[in-house]
Amino acid sequence: MSRLPAPENPIAPPDTEVEENEDQSKSSSLEIQQPVIQKRRGVTFVSSISKDEPEVTRRELWAYYLYYNGDNGVGPNGYSLTLFQLWATAAGYDPAQGPGSSCSASSECVLPWGNGVKAVASVVLVANGVSFAVMTLIFTTIGSAADYGSFGRWLLLVITCICWGAQFASVSLTSPSRWSAAMALYMIGFISYGATLVFYAAVFPRLARNTPHSRALRARYEDGEIDREVYETEESLEKNRISNISTAHSNIGYIATLCLNLSLLIPLANNPKVNNYVIVLTNGYWVLTGIWWFIFQQPRPGPPLPKDEHYLTIGWKQIWAALKQYKKLPYTFVYIFAFFLLADGLNTTGTLVSICQNDKFSFSFLQNTYLGLAQAITSTASTFGFWYIQKYWKISTKKMFIVTNVVTILIPLWGMIGIWTNTIGYHNVWEFWFYNIVFGIFQAPYYAFSQTMMAELTPPGFDNMFFGLFGLSNRASSMIGPNVIQAIINNTGNNWMGFPFLFALCAIASIVIWFGVDIQKGRRDAVAWANNIRESQEQ
């Protein structure tokens, strides 16, 4: 998908209110403690922060950026989907003409499915829905476990290698008869890709709190040189700096990968295996840029796994325990819940637009590469542009998020208009160019700001636990949207009938975030909650 800072604390007893004053807020925001494990009523909470965490080096930070440069989604989230839909459509038939007929752009296309048939678009959405369900299982089972020892570090490596393997295996998908294998490899690649985004982003808070600038800010605040308001503003800007630069690197990698792919797509345009070669080349680029993170990442291990606990069960216990803290962390959980709906709507909208786009351009890797370049170039420029605007005028993260969020609502609204007219609504070539450019301008900063908002609302030291929940809301939430939309499309035979549901989902979720989440209060609640765990441990 898709991270945070310092101290730690067990939950106060049910009847205990957390009292917040200036001194407590100051120390709780800044002190770096030894890892704390607090067990209360059979539930273990862990803070992964240690005072011995090494300072982030320039080499380490660049390795972090380069990983995301390669993990840009061109292969597992783009080309693999196109190849899967290409072979599924080629293996399908027009239900009006019966088995043996060919599908055309203007006719419905179905595949044998169980004891009946299912529209190709529905099959693609089913694959997405199942993929997101598996992501849910991954994030809930082992998400919080990544806070212990070096498990998170090795987990990202293993998941990354699985994604690399699935992408390289795509070289074998060369005929319509292999559409089911294409579906399986797409799902494996997409699931592991989504998991890499979550566990990669969970590293972000640890890096942000250990940059030289963050440490200098903390020292100045502790010495009384700056007040809390200034410290919080500057610390938030430092988080946004790293988040925006990493997002920009993802888009730069997107551009570099697409340009590199043109070296195959243009000269080998008539080669039937050129699509397979392109996926292999795309994946090779990620391997070359991503491997450095696993070499230069400095160790920042959490505490050992508590006695009598297991990596496969501790995640469920901690997530359930964390969910029960909603009264103490109201804004954190309102944001997670609303983002669950928003991410479901946006992710499913992206898939549905991609289905329409692939149909319009006859599954052309070359045309999709040109469209991808338009999106990537505007994404890179807008990420730096939004960051400059925020830094220059000291605009809050939430306000920047709201600006990008408005466009999130308009994307499915535009598609909904296409139900009643063919003039607009993702029916024309120019609209897909317009969509990719607008998406690039507003949605790349959207991802960066949404991640920073989560970092602001995460209790310091509980990064993987709460980013596991965030990953659940960001990626795994979309097991709902695809399944609802595929049922609508399967019953109506019209891809555009899915947009009204998605528009409503995005609109409702956005309104909740706009009016129901107070970042400043939420940040202080999170710090107080984490500090209370530490104080309970000391008692």
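Cβ coordinates come from backbone N, Cα and C, glycine included.
Please treat TrEMBL annotations as automatic predictions, because they have not gone through curation.
So that you can see what the record holds, here are the features copied from TrEMBL:
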- 1-33: region 'Disordered' (REGION)
- 120-142: transmembrane segment (TRANSMEM)
- 154-173: transmembrane segment (TRANSMEM)
- 179-203: transmembrane segment (TRANSMEM)
- 251-270: transmembrane segment (TRANSMEM)
- 276-296: transmembrane segment (TRANSMEM)
- 333-355: transmembrane segment (TRANSMEM)
- 370-389: transmembrane segment (TRANSMEM)
- 401-420: transmembrane segment (TRANSMEM)
- 432-449: transmembrane segment (TRANSMEM)
- 497-517: transmembrane segment (TRANSMEM)
**OP:** Give residue numbers and ranges for long-range contacts of the transmembrane segment (154-173): same chain, 6 or more residues beyond its ends, CB-CB under 8 A.
**Re:** 71, 75-76, 80, 83, 87, 142, 146, 181-182, 185, 188-189, 192-193, 195-196, 199-200, 203, 273, 276-277, 279-280, 282-283, 286-287, 290, 294
Subject >> Contact between the transmembrane segment (401-420) and the transmembrane segment (179-203) (at least 3 Cβ pairs under 8 Å, separation 6+) >> reply: no
**OP:** Take a look at 251-270, 276-296, 333-355, 370-389 and tell me which one has the most Cβ pairs under 8 Å to the transmembrane segment (497-517).
**Re:** 333-355
Original post:
What stretch of 179-203, 251-270, 333-355 shows the most Cβ pairs under 8 Å to the transmembrane segment (276-296)?
Top reply: 251-270
**OP:** Establish whether the number of Cβ pairs under 8 Å between the transmembrane segment (370-389) and the transmembrane segment (432-449) reaches at least three, counting only pairs separated by 6 or more residues.
**Re:** yes
Original post:
Are the transmembrane segment (333-355) and the transmembrane segment (120-142) close enough that 3 or more Cβ pairs fall under 8 Å, when only pairs 6 or more apart in sequence count?
Top reply: yes
